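> Below are the features listed in Swiss-Prot for this protein:
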type    : residues                                               : note
BINDING : Gly10, Pro11, Glu12, Gly13, Ala14, Gly15, Lys16, Ser17 : ATP binding site
Amino acid sequence: MTGLFVTLEGPEGAGKSTNRDYLAERLRERGIEVQLTREPGGTPLAERIRELLLAPGDEPMAADTELLLMFAARAQHIAGVIRPALARGAVVLCDRFTDATYAYQGGGRGLPEVRIAALESFVQGDLRPDLTLVFDLPVEIGLARAAARGRLDRFEQEDRRFFEAVRQTYLQRAAQAPERYQVLDAGLPLTEVQAGLDRLLPNLLERLNG
């Protein structure tokens, strides 16, 4: 049995983790095995790479270094968590995946899309998400939410231009492949966002059973 690979994407403060946990609860109520995970991270080694990526430091990180670290963590994550869970027939709910790399390292950092695509093919092979939920909201709201959480990580310290580019890249990718993406308005009250997730459940279950 093959499981279902669902990724949750969006800029800072979009509520991905909260809504990932909500969706997991709804699926588990139906007796479905759910594997919760995140990127960068998901395994002990990948989490150590995450620390390198997120921690502010004295030495600026080159954009290509950042990109390669992202895919190094992803390779470990795919081998250690994602592929085994899918082979068990689980629904994998992943907070960020390769769309985030296109958005942050491509849109935000300005790295060529072809470079990201080459690494995507090398690291992932034929693995792609079955469904991607993009939690969209205005940049100023997302940054205010991130600031309210406390100390900002290395990405959260970027300027508004960076995050506008991130947001637009997500929306462009969603528009190019509407069969895979669902865009949700993360600026709405949480109860309304989660009502939108409830409306998506039948489609998700159909994909799992199909």
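Placed from the backbone N, Cα and C atoms, the Cβ positions cover glycine too.
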> Sort out for me which one of Gly10, Pro11, Gly13, Gly15 has the most neighbouring CB atoms within 10 A, since those are the binding-site residues we care about.
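Within the set of binding-site residues, the most crowded position is Pro11.
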> Counting only residues 6+ apart in the same chain, whose Cβ is under 8 Å from the Cβ of Glu12 (ATP binding site)?
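In sequence order, Gly142, Leu143, Arg145, Ala146, Phe155, Glu156, Phe163 meet the Cβ cut-off.
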> What three-state class does DSSP give Pro11 (ATP binding site)?
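It is coil.
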> So how many other Cβ atoms are close to Ser17 (ATP binding site), meaning within 10 Å of its Cβ?
13
> For the recorded ATP site formed by Gly10, Pro11, Glu12, Gly13, Ala14, Gly15, Lys16, Ser17, name the remaining residues of the chain with Cβ within 8 Å of the site's Cβ center, in chain order.
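My list of surrounding residues reads Phe135, Leu137, Gly142, Arg145, Ala186.
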